[in-house]
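As recorded in TrEMBL:
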- 41-64: transmembrane segment (TRANSMEM)
- 76-94: transmembrane segment (TRANSMEM)
- 110-128: transmembrane segment (TRANSMEM)
- 140-159: transmembrane segment (TRANSMEM)
- 166-183: transmembrane segment (TRANSMEM)
- 198-223: transmembrane segment (TRANSMEM)
- 235-257: transmembrane segment (TRANSMEM)
- 277-298: transmembrane segment (TRANSMEM)
- 305-324: transmembrane segment (TRANSMEM)
- 336-353: transmembrane segment (TRANSMEM)
Amino acid sequence: MAMNIEKIEEGVQTLENPPNKLLSASHPEDLNKSLMAKWGLLLLSCTCSVVGTTGGPLVLRLYFLHGGHSKWLSSWLQTVGFPILLIPLTILYFRRDRMLPDEFFASQKLLHYAAIIGLLQGLDNYMYCYGLSFLPVSTSSLLISTQLISTAFVASILVKQKFTPYSINAVVLMTMGSILLGLRKSGDRPHGVTNSQYLLGFIISIGAAALGGFILVSTQVAYAKAKKAMTYSIVLQFQFCMAFFATLFCTVGMLINKDFSAIKREANGYELGVKKYYLVLGSSVVIWQVMFLGRLGIIFCTSSLFAGIMSATILPITEIAAVITFHEKFTGEKGMALALGLWGFTSYFYGSYRKTKKQTQQTPHETNTSK
């Protein structure tokens, strides 16, 4: 278990030596095929992550800009598309060949972890939607990117990851970026949003980023505690269970707030029309599920830290898309915050790379010494 958790410290797990049985083939030809499959899965997961991370916030902001008001509904939409996962699961089930049932089906213990993380994911979705309802997409994305800070702190607590000058530098830089955005809230505040609402959205977005970082690390820790080889079918089942409980959490919120009965009324008053209202809702369901599927695939192929780094890499794309789509102001403060954030991610990534390289160089020496 310790070796699996160390992937969080290393940053990017090498594809040649993953912790699952996807590359466990004994023959060279089978190994090459498995390696190609691994790269293909990682590429597909990264593509899904790019589409979801960029499109999700834009569709959600479109909902709020033209008359959408329900935070619970927008949170519910992020995970309610989980039945889509039954399609790849069914395909994998009929193509499992000689795979043992224990290798295909997730353990009850792992599904228990998925249920707990799913409830936290539902809360995180609500916090994210609440913050975005009062903030521009560009500002919200910058704040959410600070989840690396939470990832670093949670990893230090759960897996005893030591802080390095590079990780400390990253935390300081990203904190400075958030403070810079907070100091100039008046120049970034959307029309119709009060200062108190903007500040509340700012604080809740930071909280959503912190909770998101905790969820990323907890997901990989759950994989490690499963005490069995992680296959992609098990990852999909984990995501299915997690999304189910996240949806259940938001469904309870919607029932208490009576949001289901308000959907028709909200659709009739939507500025873009009833058809486009339901189109926005449907697009949100698909895009967010694509994003979650991509993120889980990246964690499966590499690590939770790399999933966070991937989100940071996509950040400039989301920023540009928001400015073009909604004509948001890209102020000097946002530019500085973006630069500080990317600098921080680069510092963290470089530190992880140096540590991994050092460990790789030490391994042959330790092997020769033991002989």
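Including glycine, each Cβ sits where the backbone N, Cα and C put it.
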Recorded stretch that, among 140-159, 198-223, 235-257, 336-353, has the most CB pairs under 8 Å to the transmembrane segment (110-128)
235-257
Can you tell me which of 41-64, 140-159, 235-257, 277-298 gets the most C-beta pairs within less than 8 Å of the transmembrane segment (198-223)?
140-159
Any chance the transmembrane segment (76-94) and the transmembrane segment (277-298) are in contact, meaning at least three CB pairs closer than 8 A with a sequence separation of 6+?
yes
For the transmembrane segment (41-64), what are the same-chain contacts with Cβ under 8 Å, counting residues 6+ beyond its ends?
15, 74, 78, 129, 132-133, 136-137, 140-141, 232, 280-281, 283-284, 287-298, 300-302, 307, 310-311, 314, 317-318, 321-322, 325-326
Should anything in the same chain at least six residues away from the transmembrane segment (277-298) have a Cβ under 8 Å from its Cβ atoms, list it; otherwise answer none.
41-42, 44-53, 55-56, 59-60, 62-63, 67-68, 73-74, 77-82, 84-85, 219, 232, 235-236, 238-239, 243, 266-267, 270, 306-307, 310-311
